[in-house]
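Colleague: Below is a structure I'd like to ask you about.
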Amino acid sequence: MRSVTDAPAPTTAAFRPPVGLALGSLLRADLLVLLRSRVSAILSILLPIIIIVFTTFGKAQTRLGGSGEIIGLALSIGLITSCLLGYSLTLARDREVGVLQRLRVSPAPTWTIMTSRLTIQVAANLVGSLAVIIVGAILHHLSLSPLQYVLLLATAVLGAAVFLALGQALVALVRTTGAINAIGRILFIVLLLTGLLGGSGVLGDTMQSIADWTPVGALMILFSDVVSAAAWSGQDTNALLACVGYVVVFTFIGIRWFRWESH
């Protein structure tokens, strides 16, 4: 006769909660973490708005190419700050202190951990992008249609996917938080300068053609054409394909080489 002690040990799956309950708990926890990270959240919204405000003075608007380019630049900077710098650093710190490993061995399905973080991040980006678009439309005296707002927010989601995928790939390839912070800042400067200076034509036609295929350059093309209500062109198709390509490649890297522990 088998005793109680002879019974097989219960598996984790036996205590696994419903997916909806687990995902809901993770979403609430990640939202609280985001709300407590006030500096990162404020910078991702405040910095783009500052850019829009300052470009209303003098000849800055003409030099940068017009209202569409300025709003596109501001939105791109907000997405880079929030996703490439904010998301990647938070993920790296949580991995370094063991938060990710503890979540991984919890009853919640593994895929819900990243899904929750990415969902909250995209939602925050949508709120920030909407604020930037509204301020930009007011200060630059633009009358945007509801369809333009929808298209701008859809482009912002695409941009968030690009930079979140890049941030995920960075965390996958680099183990330490300090190195991720340093590389992220360098990437921020390189992407911004390449997309802005290269796309403006200041560095020549060849550099402009290259810049149009960079993440910032491609997004600025899409944002600008939506603001100006321009007809869809081959340049827009190339920009869209570039963004989708970046999402696919960086997502593959971020999943394939991601480690739950920093050691």
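Backbone N, Cα and C define each Cβ position, glycine as well.
These came from TrEMBL, pasted as-is:
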DOMAIN    24-197  domain 'ABC-2 type transporter transmembrane'
TRANSMEM  39-58  transmembrane segment
TRANSMEM  70-92  transmembrane segment
TRANSMEM  122-143  transmembrane segment
TRANSMEM  149-174  transmembrane segment
TRANSMEM  186-204  transmembrane segment
TRANSMEM  210-232  transmembrane segment
TRANSMEM  239-258  transmembrane segment
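Could you place these features in context, so I can see how deep they sit and what lies close by?
Modeller: Counting residues 6+ beyond its ends, the transmembrane segment (39-58) has Cβ neighbours under 8 Å at 64, 70-71, 73-75, 77-79, 81-82, 85-86, 90, 124-125, 128, 131-132, 135-136, 139-140 in the same chain.
Cβ atoms under 8 Å from those of the transmembrane segment (70-92) belong to residues 33, 37, 40-41, 43-45, 47-49, 51-52, 55, 61, 64, 100, 117, 121, 124-125, 128-129, 132-133, 136-137, 140, 152, 155-156, 159-160, 162-164, 166-168, 170-171, 174, 176-177, 180-181, 184-185, 187-188, 191-192, 195-196, 216, 219-224, 227, 262 of the same chain, restricted to positions at least 6 beyond its ends.
Counting only same-chain residues 6+ beyond the ends of the transmembrane segment (210-232), those with a CB under 8 A from a CB of the stretch are 65-69, 71-73, 75-76, 79-80, 142, 144-145, 148, 151-152, 155, 158-159, 162-163, 166, 191-192, 194-199, 203, 238-240, 242-243, 246.
Through the fold, the transmembrane segment (239-258) approaches residues 158-159, 161-162, 165-166, 168-169, 171-173, 212-215, 217-219, 221-222 of its own chain, all at least 6 residues removed from its boundaries and within a Cβ separation under 8 Å.
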